[in-house]
Each structure stands twice: as structure tokens, then as C-alpha cells.
């Protein structure tokens, strides 16, 4: 099934974030590819992925790819795509993980045509589950695990900059080499530690601990559980059972958003949180406190 250089030879395929979420285009892609690489390390809780792809494509052409295969041995994948149709399949959407952007750039530089086949993104589904306005989400951040050896000061600053623009923040939780996701409590604890350090350097109070937060768990069947916390400080000490989570840190909520978020999280009464924290953040925004990196 070799193809000329003018044909699409590298397919970046999104498989959706749960079984049964595959598009017809994704199914067709793995069935016609000469070789199919399946990677699940960029999305925790996707152990189902390999079996699902094998059921669609047949086991003979499917290769389970490691982080090293895609990041350190990507040249081998690109070389193979010079004269064969190669599919790289990931849970969710392939362009959410920066690894796949790098792979696409390397392939294009080598003269390999690239085709992007979108999938249902777990990140976007988590945002949707909160029922907050799509247009009010700002830059996404990742809370790094302690194994990175970094203090996420830049993450704290990005959240403040989103708040200054009236935008909600989606915070992803880091994944280690074993595919285990950082726990929400530990991730938030490290963030609040970074916020205190950032506040000292910026000459402003640390405020993130007072912000409300939403924990969204992606269910294996595509459903979601939305858990509301009145403050990040409370979430940092919470004993949350194992699962695959994203965190949403809301900006100042509109009346409609507050009502919808309460409904999404099963709250039977108005949301409780420290509304005055937004006034303090907005005052600091006007003073330009968060504009200069530290």
C-alpha cells in the first residue's frame, strides 16, 4: 500500500477520550494504514486504547508506542512514512499533546504529507461539563508533578493573567512515566506554594487559595462527574478518590454561569465562595501587578 510523496502518508488520529467515541474518519484511517502506532502516555486512564484500535485495525499492523518512540525515535516513524501510510493514534485529540505537534513538524520538514483527524477532546469535554461559557476560557495550564523539580510560578502568573482578562482557567494534572496522574490535592498544593513565592516576588498578596474551583472527572464511558470546591485551599487538602481529573478555576462568574455551574455540580443552593477575592484581583490587575514576569 505504498504511496507517492504527494499522498497523505502520516495520519495523526484522535480516538476520542473514551470507548465508543471514535469517528468514522478515525476508523477508516486505521483500517487503511500500513502501520498504526498507538500511544496512551499523554492521556491518563487510556489503557483501553490499544485494545480498541486492535479491534478496528487488526493486531498485525498495530504497534504500542512508548514516550521514547514518539519523542526520541520519531525519526524512525517519519522515515517509515516516506513510503507507507503511517497512523499515530492517541486518546482524545492528537493536537492537544505537544508531542504530536513536534512529530507533524518533523514529518513536514522531511517532505511527508500530514493529515490531522480530530477526536473528541477530554479537555474540551471537561470544560463543557461545567456548563461555563466556551468563550470565557483562557490559556490552559498544566500543574507539574514534583518529579519535574520545578516550582510552577509561571502557572500561577498565567492564572492571574486569565483572571485579569475575565477568563476561566483549565488546569491539567501532570502524568509521570508510568502514566499515573498527579493527584488533584498534591497538584493544587504545589500551585499554592508557587503562588506564595510569586506573591513575594511580585509584592502582592497570594490570592489563588481563596478562588473557587471545579474538579471534573472523566468517566470511562464518556460521562463526567463535576465536583465543586469553594476554594482551592480546601481542594488542596481534600482526599479525592482515584480517577482522571481536570481542574477549572473560574473567573468572576456571571449570574447565568453561576446557576449553571451549581446545576452541573449537583448543588441545591447558591454556590458558596469568597466573592471579594475577585475585587482584590481586579485592583491588582489595574495596577499592572501581574503584567511583568518575575
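Cβ coordinates come from backbone N, Cα and C, glycine included.
Listed in Swiss-Prot for this protein:
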- 93, 96, 121, 122, 173, 220: S-adenosyl-L-methionine binding site (BINDING)
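Long-range C-beta contacts of residue 93 (S-adenosyl-L-methionine binding site), restricted to its own chain and to partners at least six residues apart, with a cutoff below 8 Å, comprise 14, 118, 119, 120, 121, 123, 124.
Counting other CB atoms no more than 10 Å from each candidate's CB, the binding-site residues 96, 173 peak at 96. Taking each Cβ in turn and tallying the other Cβ atoms within 10 Å, the top scorer among the binding-site residues 121, 122 is 122.
Under the DSSP three-state reduction, residue 173 (S-adenosyl-L-methionine binding site) is assigned to strand.
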